[in-house]
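Here is the structure we will look at, set down as structure tokens.
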Amino acid sequence: MSFQFSLTIMLYFQMVIMAGTVMLAYYFEYTDTFTVNVQGFFCYDSSYTKPYPGPDESSDIPPVLLLSLVTGVPVLVIIVGETVVFCLQVATRDFENQEKTLLTGDCCYINPLVRRTVRFLGIYTFGLFATDIFVNAGQVVTGNLAPHFLTVCKPNYTALGCRQFTQFITDANACTGIPDLVIKARRTFPSKDAALSVYAALYLAMYITSTIKAKGTRLAKPVLCLGLMCLAFLTGINRVAEYRNHWSDVIAGFLIGISIAVFLVVCVVNNFKGRRTEHEHWPTENLAQMPIISIPRVENPLEKNHLTAFAEVT
């Protein structure tokens, strides 16, 4: 099997994985394939009686704005960053650190600029859908209630026989409110907005830190990266302030987004470092500069006895 044929097979395999990830995220997000777990509640529980904040579109950070930022900003920054790095390498003739043009499949030569850009954006997109899947799976399995759940649920406490605050209601038909709002209020753990925002911010911050090597950016890079993380933190704070999520929901979303971003950057794209061919791992000119390690010789008792016997015979 030729090397080009192996690359073609791997390319198709990765496309199948990406398509499957997108389809799974679609089924979680826009279909009723996965039923939300119906979690019970205590009568008159003050943890779930916060006022209804309105639809997500009325939030200070609506879904359209959030999705536009987590998709548009990383794409723009990575494209501009890779273009600048490539142009600087060509201008300074820094061909050692520049990736080579490779043959993919049977006919296609991919430029290093295009290859790095597609690789980093592809991994980012995969992580974005993976974060969405993790969050939706957690929401479906737990069915955790929003702070305004009882406000939209509108349970009939008299019919349910609520005479004590400690009485636990497990009836799936206890709510008399709008079904769509009730289902939405059952899907809060973990917070999707917190997970997506911190994933995008951390991935972009690690890209900026690992890629930008220009002089005079000793303070610019930390300020820019911390600014991105601050925006993600404010997104989580906004979810709690508007009574759309609990603190535990936001913290869990942060942990999911951070974990996926760190895993992809460290283990998959190798901290955004360029790939090198096999003969570049150990340059010939550097072999002479390598320290020589002398390993002590361990005598074999059998060999020693053999030499002694041979000396006696002679």
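Easy rule for this one: first residue shown is 1, then count along the chain.
Note: Cβ is positioned from N, Cα and C throughout, glycine not excepted.
Database features, via Swiss-Prot:
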- 5-25: transmembrane segment (TRANSMEM)
- 61-81: transmembrane segment (TRANSMEM)
- 120-140: transmembrane segment (TRANSMEM)
- 194-214: transmembrane segment (TRANSMEM)
- 223-243: transmembrane segment (TRANSMEM)
- 250-270: transmembrane segment (TRANSMEM)
In terms of Cβ proximity under 8 Å, which residues at least six beyond the ends of the transmembrane segment (223-243) contact it? 50-53, 59-61, 66, 146-148, 191, 193-194, 197-198, 200-202, 204-205, 208-209, 249-250, 253-254, 257
In contact by Cβ distance (the transmembrane segment (194-214), the transmembrane segment (61-81); 3 or more pairs under 8 Å): yes
Below 8 angstroms Cβ to Cβ, which residues of this chain, lying six or more residues outside the transmembrane segment (250-270), approach it? 119-120, 123-124, 126-127, 130-131, 134-135, 138, 189-200, 202-203, 206-207, 210, 232, 236-237, 239-240
